[in-house]
């Protein structure tokens with residue numbers, strides 16, 4: 001993974017929403033400029049209580065995943081891989097004041113947990129996406145790493161998502177804004193997908209492919225599982241659904257990819273992708 | 001709260017889905033009976049690895065809430081209130097093998113965290129609702145306790161939900177099953193609402209009301225917040241929306257109540273209600 005880390009970038013911040021660099025962060029909220037203080041409630045951070053540029057100014061890679069323990073393990077892994085001098089014990093949960101999410105930083109890599117499902121990751125992303133703006137960093141790449149259910153592929157295969165699709169195999173995310181439904185695109189950055197795929201080629205026994213990821217609103221009825229408290233479909237209906245998903249290009253199922261793609265895309269976090277290691281099906 | 005705890009019930013289990021008692025648990029999944037083992041993945045429990053009747057057979061109240069720390073604090077509070085002999089240190093996280101949810105038990109009270117949002121709580125509920133069946137317990141009451149945003153009411157007011165409504169003020173939950181949308185009812189148990197409301201009358205300075213709770217799919221754009229990474233509506237539109245919500249009977253907003261009401265209702269957990277203490281708006 002080290003090969004996807006670019007050389008240190010000396011781009012200067014030019015205004016509150018635009019940075020001189022290859023990649024821009026566009027926080028699309030006209031109210032933020034007039035706010036005296038911005039409190040990132042669920043991250044236990046704020047513009048008045050924390051020196052965000054000092055804490056996060058050098059961040060280049062943001063990696064998000066569901067489980068807090070796994071994100072800590074990932075941060076420790078990256079720390080070792082990057083050969084950083086800081087003691088491992090100093091990599092502490094930055095969001096320890098809240099138990100909603102956990103955040104660890106090692107060098108230019110920020111690792112954050114997002115819990116399970118679209119509402120949980122979207123709440124975190126609203127606050128996380130404002131961080132590069134407050135911390136004055138640029139050229140940020142965001143990658144979601146998680147487990148998922150694979151469809152028609154060998155267990156252990158890594159799927160790099162090109163497009164996130166909904167339960168109807170459509171590349172869209174329907175966001176309810178007040179009482180309006182707005183449809184957003186869920187396409188992910190092609191260049192980064194290819195770059196990650198090329199990285200995988202250099203690692204022995206690391207089966208990897210690029211495909212669509214289907215994002216559902218629950219783990220049981222939405223993903224065709226037969227062992228939940230409620231199950232109203234037959235085994236045949238389930239298999240028919242999964243076959244149709246495969247035919248539509250779906251290679252795995254998660255519960256966060258559509259909103260992740262939609263929000264990162266809208267905010268100009270161009271270099272992003274979802275990297276998922278299927279476990280079941 | 002002690003007054004809502006019924007006397008010990010000696011009802012006998014009669015078959016796998018029906019119990020001789022006032023309240024029944026209906027797990028609506030024809031596949032479960034033929035399963036050799038049921039693994040509750042996200043709770044780190046299973047029918048072969050754990051003696052579920054011994055662990056949970058005496059459970060009468062299940063209390064769920066978003067935050068793991070708060071659910072631990074609630075379990076310790078209940079332990080004290082119930083005057084149980086067991087040492088406080090013995091109240092340990094039953095789901096410690098996973099970091100998805102936390103679970104604590106004290107006497108007949110089980111406290112479980114569910115994270116943020118509909119997909120997170122629904123995944124937990126699918127596994128939790130099977131527990132009374134496996135543990136052979138009956139007359140179980142389930143209550144969701146959480147923070148929320150209040151609408152037109154004083155901060156600190158407790159709202160006991162009578163009906164959970166969606167972003168369009170409709171008493172429904174739209175569940176995607178494979179690629180079909182099924183609409184489910186979100187009415188909560190009236191008797192328990194009244195019982196809880198009566199309990200509140202006995203507590204000084206405990207402003208409480210019964211009202212509708214609106215359940216949204218996110219914390220920012222869905223709830224009219226002006227400080228997310230994305231905001232496309234005006235302050236006026238936000239206020240108009242909240243006023244219309246109030247007019248429709250909504251007194252607070254959360255992110256879990258519709259699926260909680262729908263799933264508990266379908267599974268015959270008749271005595272259930274949502275009890276929420278609004279913080280903001």
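Using N, Cα and C of the backbone, Cβ positions are placed for all residues, glycine too.
The annotation domain 'Nucleoside phosphorylase' is assigned in TrEMBL to B:60-271.
For residue B:95 (disulfide bond), the same-chain residues lying six or more positions away in sequence with a CB closer than 8 A to its CB are B:42, B:43, B:44, B:45, B:101, B:102, B:103, B:112. Annotation source TrEMBL lists disulfide bond at B:95-B:102.
Cβ neighbour count for residue B:145 (phosphate binding site): 18 (other Cβ atoms within 10 Å of its Cβ, all protein chains included). If you look up TrEMBL, you'll see B:100, B:144, B:145, B:146, B:147 marked as phosphate binding site.
Over all protein chains present, the Cβ of residue B:225 (substrate binding site) has 19 other Cβ atoms lying within 10 Å. Residue B:225 (substrate binding site) falls within neither a helix nor a strand when secondary structure is assigned with DSSP, and so counts as coil. Residues or ranges marked as substrate binding site in TrEMBL: B:223, B:225.
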Residue B:100 (phosphate binding site) CB neighbourhood, other CB atoms within 10 A: 24
Cα separation, residue B:144 (phosphate binding site) to residue B:225 (substrate binding site) (Å, whole number): 24
Residue among the binding-site residues B:147, B:223 whose Cβ has the most other Cβ atoms within 10 Å: B:223
Of B:100, B:147, B:223, chain A-adjacent binding-site residues (C-beta under 8 angstroms): B:100
Recorded phosphate site residues B:100, B:144, B:145, B:146, B:147, farthest C-alpha pair in Å: 20
